[in-house]
Every structure is written in structure tokens, then in C-alpha cells.
Amino acid sequence: MAGGAVEEIVRRAGGCAVIDGGFATQLEALGADINDPLWSAACLITKPHLIKEVHMQYLEAGADVIISSSYQATIPGFLARGLRLEEAEGLLRTSVELALQARDEFWKSTLRKSKPVYNRALVAASIGSYGAYLADGSEYSGSYGEDITTEKLKDFHRRRLQVLGSAGPDLIAFEAIPNIMEAQALVELLEEENIQVPSWICFSSVDGKHLCSGESFADCLRILNTSDKVAIVGVNCTPPQFIEGIIRELKKQTKKAIAVYPNSGEVWDGRAKRWLPAECFGHKSFDVLVKRWQEAGASLIGGCCRTTPSTIRAVSRILKGRTAYTASHQI
Ligand code: MET
Ligand SMILES: [Zn+2]
């Protein structure tokens, strides 16, 4: 099936493709206020030019895949902001279009240079979990309460998936999915809606051994393996020290390509509203770990929250052995 585009970019990248880094993180670094129920997606309304700028910075850093700004862009979220349905759906499409425009402009400018060191990037349309929409902590606990069912989760995801899927992305990226019920809902929905764009489904983990819900990767992979529509599985927004172990576990459970894009290891203190230092090691170790992740079997590697274009420049340099990137590789 359509997973060919993924194999192609992994091959062209020399065996391991580079995903971009923290999108919201970099948006904030450029001055956006993301302290908002819509989080980074608020910029689709207020500052779309900054969204494109972030994409450009990650492309410049060497990303082979960029992820759209739609992580926390939901139709109910936009309606609650007072927008009309057509406007809400238009903003979802805009998120993909901004990434496509950045990719196309960057690729055009690269082709003009004599020795291109870049690949033509793929655009992945981001879809965050139901918990990300609730913004009540369940994104990282996986506890959606007694009343939630697979059918309800499908209904929550259905329209956004249709709109984003038809906006022209190369991939759909389900990010930081915290429990098996949601994974099951997504697999069923991709079938029911007959989505032709290949997907990745990435989970988050707070202990390195289970999904955030406490459920096992093995049980989860059994469900994902049944779907041809899921081209890639993996883990994101999880501390870097857990990644190698998780890749080894996923490798035992699936033949699908594996994507990993951990956060920086810093921990968000929700009460104090600030990031606490990484628990196990300093920032630089991210560089050291990238090779190990590739050796353990990851085919796509990038960064999530609190990683930046510098991180991705380093990841790209390490994976592709390119000397073209001269900037500091500290994150
Ligand atoms: C909480 S994970 C967030 C993922 C999203 N793609 C971002 O980088 O902003
Ligand atoms: Zn993240």
C-alpha cells in the first residue's frame, strides 16, 4: 500500500529519516503565546506566519519529515473559541497547507543550490489524543474515565481525520496516544473511513515499560499489526533514557517501521507551570543516544517537546554524517 513513500524517504536518508523537533516549543521560542486551551494551534488563528517559520527552521536543520501544527487543533476546540464549523475545518486544512508551502518553498530553494544536502521532506498531519483535547492531564495518564468508549473516541476523531486526510499530507501522525482503547479506535476509524494516506501511531510512556495508561506495548502492537493503514509505529514525547528499551520491545512485537521522537527529558511541573531539569542526564547525551536508537532498529528519529532546531541539526548530522551543518548541536 501507500507506505512506499515512507520506505523511499528512509532509503534516501541513508537508512534512518530525520523527523522535526518540538513544534510548540519552537513556536514559543519565536515569541508565540501558547498558554491557551488550543495550545500551539491557537497560532493558526493569530500567527500563521510563525507556524511556517518554524517549519522552515526544521527543514533548514535537516528534517526529512515535518509535522503540522494541528496537534491540539480540534473542531470542538475551535467552536468553543466562537468560530463557525466551516472556519474550524478551514483552519485544519490551513495547518497542512502551511507545512506543504514551507516544504515546497524550501525544496525549490534547495534545488537551486549546486550540491543539495537535503531530501524533499514529507508532511505529516498531526493528530493529538482525546486527552490532549481535554487538557486535563489524561494525555499522560491515559485515564479517560468510565463513560468513554471506543465508539465515542471514534466520533471524536472522525471529522478531523477526514478533513486533514483530504488536505494533501503525505502521512498522518497520531501523536502521544496514551492507551489501547484509543489505538483500537484509530485502527477501526482508518478502516471505516478508508483513509489512503499512510499513518503512524506513536505512544507516550512515563515509565519506559508501558503506555501511559500502564497497558503493555505487546497488547497494543497486536492491534496495530492487524492494520495495513498503519505504516509506522513508535513513541514520542517520552524521556530519552527510555527510548532504546522501548525500541527493542517494539522490534519484538512488529515488523512495521519504528519512529521515535523523545522529549528532552525535562519534566513539566503542571502546578508551577515550568519545566524541571532532566532527571537522568544533561542535554548533550541526546546526541550520543541517537546512534544507539538507530542500531536498536528505529527508522525515523526526531525530537518532541523542548527539543529545538539545534537538536534536529545534531540528529541529522549524526544520522547522515553530513558536514554541511555547522551550528552547535546542543539542545
Ligand atoms: C505533547 S507532544 C506535542 C507534539 C507536537 N507535534 C508538538 O511538537 O508540538
Ligand atoms: Zn511533545
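Just so you know, glycine gets a Cβ as well, placed from its N, Cα and C.
Taken straight from TrEMBL:
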| type | residues | note |
| --- | --- | --- |
| BINDING | CYS237, CYS304, CYS305 | Zn(2+) binding site |
| DOMAIN | 5-319 | domain 'Hcy-binding' |
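Contacts of CYS305 (Zn(2+) binding site) defined by a Cβ separation under 8 A and a same-chain sequence distance of 6+ are given as GLY22, ALA24, THR25, CYS237, ASN263, SER264, TRP268, in order along the sequence. Same-chain neighbours of the Zn(2+) site beyond CYS237, CYS304, CYS305, judged by a C-beta within 8 angstroms of the site's C-beta center, are, in sequence order, GLY22, ALA176, SER204, ASN236, THR238, TYR261, PRO262, ASN263, GLY303, ARG306, THR307. According to DSSP, CYS237 (Zn(2+) binding site) sits in a coil region rather than a helix or strand. Remark: CYS304 (Zn(2+) binding site) has GLY21, GLY22, GLU175, ALA176, ASN236, CYS237, THR238, TYR261, PRO262, ASN263 as non-local neighbours, by Cβ distance under 8 Å and separation of at least 6 in sequence. In the three-state DSSP scheme, CYS304 (Zn(2+) binding site) falls into the coil class. Other Cβ atoms within 10 Å of the Cβ of CYS237 (Zn(2+) binding site), summed over all protein chains shown, number 22.
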